[in-house]
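Going by TrEMBL, these are the annotated features:
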- 98-166: domain 'HMG box' (DOMAIN)
- 98-166: DNA-binding region (DNA_BIND)
- 164-207: region 'Disordered' (REGION)
- 175-185: compositional bias 'Basic residues' (COMPBIAS)
- 205-269: domain 'HMG box' (DOMAIN)
- 205-269: DNA-binding region (DNA_BIND)
- 240-267: coiled coil (COILED)
- 309-376: domain 'HMG box' (DOMAIN)
- 309-376: DNA-binding region (DNA_BIND)
Amino acid sequence: MSETEEPEWTKENFQKLFAAMKSNIPKRYRMFAYSKAQKALDWKKVAFPPFSPEECQEKWGEILQKMRKFRSLTELIVEAEDALSEPKQNNKIHPKFPKRPTPPNALFYKENRAKFQEQHPELSHREVLEVLGKKYPALPDEEKTPYKERHQLAVKEYKAKVQEFRKQFSSPPDRKRRKSRKRKQVSADTPDGEQHTEGAEDLPPKPPLNGYNLFCKEQIASMAGISVKDYVIVWAQRWRDLTMREKNKYNTRCKELKRQYAIKLNEYLQSYTEEEQQRILNENGIKIPKQCKGIQSEIKPVFTHPGEPKMPSRSGNVIFYKAQMELLKEEFPNSKERFLKVCQSWQGLSIREKERYREKAHERIRKYSVELQKWFKTLTAAEQEDYRACNPSKRQYLDDKKIIVCNIGEPYLSIPSDSEDDDIEDSSSDEEEVTLNYYEVRKVQHILCSFVFSFTTVHLDVINVNC
């Protein structure tokens, strides 16, 4: 090797550098932030022939530029070692991976920073950056052209170097490595806004999450001339301008897409074993769609209108349960225990006391009817027609003569899970409230009968033992 020729950094040399750095980090700095540990590093001890301490430090600085640095120095060295052993998976921080070309505005900044700093010594580095950053976009196109041409030339060279790097460090694909979970961007031509999974061409496309998402995806084709930043604002306004019936059509279509997706996904997975099915679902970030079964499939969706009064519970014991669940929260922290205690308390009430709670429910319904009628009058004729069509169960509350308050027994309140804190509160939607009241009788009777049966069984066992 001649004196003028610089020594080449081979893979073995990098390994020596990392090992020397790791062994020479002072013990008290091993888990410190990298900047502190790096200052405490003695590069004379790290250096090895044919490289000087300065060359070792400079090479480490080049590697460090390509790595995130919010870690300890020890962790950074470990990542650099991994990048060396797996260049294909860690090519962005590999020591020999080509550096990305500088963009045109950065070239302009580099070329003019020193001169501008001399002319304005009172400005800080950050202020100079801000001024020049605003100056470049204001340049005429002919002045920007040289910077753009230099950038394009650098991009071509960069791509050629990347290809050369990949040939040099080529390795067989890792079959065990997880596939990307990223979704391909949805174009305006994608039917019904479906999302497609990369690397899983045979998988059925995912449907949109809800009717609004379906609406937005269909609006993409009509957004010509509108800034991308304003898309969401425009979509939201257009969605608000739709009638309730039009919104319901989107929601219905979305539900149908989800139903078809569940069928197609199930058919696709049938050709695999359970283990392979789970692997496919995990690799593509897919959750098996929940199928509506039994009673829940019969529940019709209830759509609320902005400003519409919330429908209260129609059953007296729901009022009792909600109040008692709140009162007993400290005495019975466990939600299930508290719920069973409330069930017992309700069963222990006299007929007169239960009637008092039912009367409260009746009074709330009457008040709700007045508020609903008052709100209903603020709607246009078309909106009123849509509301009646979409909410047939609420028509009775729009006419004082037709109000029916049903004594439908004791409503079903599902036993809360341990993780739930406020279990029986006012529902955030009318749909939940209607569901609660509509399917009340049989399920709560089933829960209470199960509880009474288990309670009776215990007492019978005690009697048998005593006998």
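Note: Cβ is positioned from N, Cα and C throughout, glycine not excepted.
What you see is a predicted model, and the numbers here were worked out from it, not measured in a lab.
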Per-state residue totals over the DNA-binding region (98-166) - DSSP helix, strand, coil: 56 helix, 0 strand, 13 coil
PLDDT averaged over the residues of the coiled coil (240-267): 88
Three-state composition of the domain 'HMG box' (205-269), taking helix and strand from DSSP: 52 helix, 1 strand, 12 coil
